[in-house]
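As recorded in Swiss-Prot:
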ACT_SITE  CYS150  active site, nucleophile
BINDING   ARG11, ILE12, ASP33, THR120, ASN314, TYR318  NAD(+) binding site
BINDING   SER149, CYS150, THR151, THR180, THR209, GLY210, ARG232  D-glyceraldehyde 3-phosphate binding site
CROSSLNK  LYS46  ubiquitin cross-link
CROSSLNK  LYS63  ubiquitin cross-link
MOD_RES   SER302  phosphoserine
SITE      HIS177  site 'Activates thiol group during catalysis'
Amino acid sequence: MVRVAINGFGRIGRLVMRIALQRKNVEVVALNDPFISNDYSAYMFKYDSTHGRYAGEVSHDDKHIIVDGHKIATFQERDPANLPWASLNIDIAIDSTGVFKELDTAQKHIDAGAKKVVITAPSSTAPMFVMGVNEEKYTSDLKIVSNASCTTNCLAPLAKVINDAFGIEEGLMTTVHSMTATQKTVDGPSHKDWRGGRTASGNIIPSSTGAAKAVGKVLPELQGKLTGMAFRVPTVDVSVVDLTVKLNKETTYDEIKKVVKAAAEGKLKGVLGYTEDAVVSSDFLGDSNSSIFDAAAGIQLSPKFVKLVSWYDNEYGYSTRVVDLVEHVAKA
């Protein structure tokens, strides 16, 4: 049984907790969020506008939120170094704040007594692991790891399958991405990204993403071969990757479908999905796959030039992989 603590109770933190509570060998021991009181934590865990109401019992007292009779200790500490992870015997701290995402800042959890840390955001200094792609490279001496981003988790399994079978010479990715909490309900200040300050619910907003370049970190053979961008669109959840690639080997679209389907039914089952149905984004709400290949949406221009389409629930699929990575780290 791996004892975990969650730091940051936002969209990902709450879903990670929902998923972790379903796993027999994961025990959620503690939760820290300096901005949320216990009654509000319980409320936000129970009611979710996107994923629906939590099916079990949720309550709280002065020092806990209580889910289906299971008491989870709560803290409102701004500095993770001050958390009682040692006395609570925390094996893995899951940091879903988006703040402590580098080795030096995530180290605060180790200083507080956690044995290891899983960061639920891409990191420029912590090693990144994508389940189904490079998790076998994890070694037990690594104390702090990153689960990369939701978009990297969608793109990397597909890119790996395509590269292994046909070779990728170079490629461009676009993610058509649902709104997230960093965006604005009405036009407001966003000094680093002026477009990002525009009304989320009324615009298609071009944005940057490091997701494609990050694939090169988890798949070194693709280093420097992929880059990408994002369009933020007014949907609350579920996003889609368009991967347009120049291949090394000539092939047919039918052959690509066959290869992806075999991977989805084989070694990448549970990470990579496959559909030939006439689907739209809401069909993937609550889908636990990292990436679902849309066979009917892709197109081919020539034997070496294709556009491939893959869906992902950027909240639920990603949060499922966070818990998978926690279990993998605990076993190593």
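Each residue, glycine too, has its Cβ placed from N, Cα and C.
When the binding-site residues THR151, THR180, ASN314 are compared by the number of other CB atoms within 10 angstroms of each CB, THR180 has the fewest.
For ASP33 (NAD(+) binding site), the same-chain residues lying six or more positions away in sequence with a CB closer than 8 A to its CB are ASN7, GLY8, PHE9, GLY13, SER41, THR74, GLN76. Minimal Cβ crowding within 10 Å, among the recorded positions THR120, SER149, THR209, SER302, is found at SER302. Sparsest Cβ environment among the recorded positions LYS46, LYS63, GLY210, ARG232 (other Cβ atoms counted within 10 Å): LYS63.
Spacing of THR151 (D-glyceraldehyde 3-phosphate binding site) relative to ASN314 (NAD(+) binding site) is 7 Å (Cα to Cα, whole number). Taking Cα separation as the measure, SER149 (D-glyceraldehyde 3-phosphate binding site) is nearest to TYR318 of the recorded positions ARG11, ILE12, LYS63, SER302, TYR318. Secondary structure at SER302 (phosphoserine), taken from DSSP and collapsed to helix, strand or coil, is strand. Each of the recorded positions ILE12, CYS150 was ranked by the number of other C-beta atoms within 10 Å, and first place falls to CYS150.
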